[in-house]
């Protein structure tokens, strides 16, 4: 007969079973301790975003009593709609629902934007931690989470760091298609981001990564080892988990080496895939770093009227054309918020 003491400890406690379930690798979807934080924050951000995108009233984004409509119920469509950033009247103040005198005031001042952005930021950081956690439990290396840190850094730059540097959440990127375009145009006007070296590295990372991905995929697809007849798809010959190579890396290496030159092609599959991961990740890191420095007005290069002839007359360059375009965009945005051509805020 089992004693009461042994019977008490024979069945694990509810907390112990919960901990085992959270950390279990046998779940269809891994939860993890970062997932315990990720799930409620991302669900909150997604729910509030959907509701606000559909039905939020106009927001006084500039703090001058001129509300901007962003939701579908107030005349927008999928392209023009957005969750409008928190009002400039709020600035960087923490603005939860209980800080407003009423729900209408909270909505008028753009409270949903701050709620979404803060929960979203915690959620994506938790997702990155969850990637590391699952990799650790499976005995894998941690580079999946490191790669994901690039989009996390980019989102943090436009939603958190830039508003902090500019002094108001109203300067954050709107949560919508046209709002994103407006953010990009105003960012160019105020910071000349196209002339910033870190943005150039980001462009090289994104477009270069796309090029390298397309090149790698097409080379592999073109050098598959056929395991089927001519009447069957070549893809049928692959069995998940097979030990044999699925493509001829020697043939792919030889083709690319002859197409360009010998040392342009990788002869090591591991170094090749490391390069494919590193190139876009480092580029996006630099872009995020550039946006974060421009948040504090360390802007792109300004070569305004830098080329002159022997008589001192200006010879216009494309840099001068860009500067003229920047001035045009600058004077047209927030045109009722200030009385000077340049934004003196």
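Glycine is treated like the rest: Cβ placed from N, Cα and C.
It should be emphasised that the depicted structure is a prediction, and the values quoted were computed from it without experimental measurement.
Annotation source Swiss-Prot lists transmembrane segment at 30-47 (among others), citing sequence analysis.
The chlorophyll a ChlzD1 binding site annotation in Swiss-Prot covers 119. In the three-state DSSP scheme, residue 119 (chlorophyll a ChlzD1 binding site) is classed as helix. The Cβ of residue 119 (chlorophyll a ChlzD1 binding site) lies under 8 Å from the Cβ of 41, 42, 44, 45, 48, each of these being in the same chain and 6 or more residues away along the sequence.
If one looks beyond the transmembrane segment (119-134) by at least 6 residues along the same chain, the residues whose Cβ comes under 8 Å of a Cβ in the stretch are 25, 30, 32-35, 37-38, 41-42, 44-45, 48, 140, 142, 144-145, 148-149, 151-152, 155-156, 159-160. Per Swiss-Prot, transmembrane segment is recorded for 119-134 (among others).
Summarising the annotation, Swiss-Prot assigns pheophytin a binding site to 127. Cβ contacts within 10 Å of residue 127 (pheophytin a binding site), excluding its own Cβ and spanning all protein chains shown: 20.
Summarising the annotation, Swiss-Prot assigns transmembrane segment to 143-157 (among others) and lists sequence analysis as the type of evidence.
The site 'Tyrosine radical intermediate' annotation in Swiss-Prot covers 162. Counting only same-chain residues at least 6 apart in sequence, those with a Cβ under 8 Å from the Cβ of residue 162 (site 'Tyrosine radical intermediate') are 171, 172, 173, 291, 292, 294, 295.
Here Swiss-Prot flags 171, 190, 333, 334, 343, 345 as [CaMn4O5] cluster binding site. Its Cβ placed at the centre, residue 171 ([CaMn4O5] cluster binding site) has 23 other Cβ atoms within 10 Å.
Residue 191 (site 'Stabilizes free radical intermediate') counts 22 other C-beta atoms within 10 Å of its own C-beta, drawing on all protein chains shown. Here Swiss-Prot flags 191 as site 'Stabilizes free radical intermediate', drawing on sequence analysis.
Taken from Swiss-Prot, the feature transmembrane segment applies to 198-219 (among others), supported by sequence analysis.
Note on residue 199 (chlorophyll a PD1 binding site): other Cβ atoms within 10 Å of its Cβ, all shown chains, come to 22. What Swiss-Prot records for 199 is chlorophyll a PD1 binding site.
For residue 273 (Fe cation binding site), the count of additional Cβ atoms within 10 Å of its Cβ stands at 12 [all protein chains shown]. When secondary structure is read from DSSP and collapsed to three states, residue 273 (Fe cation binding site) falls in the helix class. For 216, 273, the entry in Swiss-Prot reads Fe cation binding site, with the evidence type sequence analysis.
Using a 10 Å radius centred on the Cβ of residue 265 (quinone binding site) and all shown protein chains, the other Cβ atoms total 18. Residues or ranges marked as quinone binding site by Swiss-Prot on the basis of sequence analysis: 216, 265, 266.
Feature annotation from Swiss-Prot assigns transmembrane segment to 275-289 (among others). Remote same-chain partners of the transmembrane segment (275-289), defined as residues 6 or more beyond its termini with a Cβ less than 8 Å from a stretch Cβ, comprise 143, 146-147, 149-151, 153-154, 156-157, 198-199, 201-206, 208-209, 212-213, 216, 266.
Per Cα geometry, 127 is the residue among the binding-site residues 127, 265, 273 nearest to residue 333 ([CaMn4O5] cluster binding site). The Cβ of residue 334 ([CaMn4O5] cluster binding site) has 17 other Cβ atoms within 10 Å, all protein chains considered. Considering only the recorded positions 191, 199, 273, 334, the residue whose Cα is spatially closest to the Cα of residue 127 (pheophytin a binding site) is 273.
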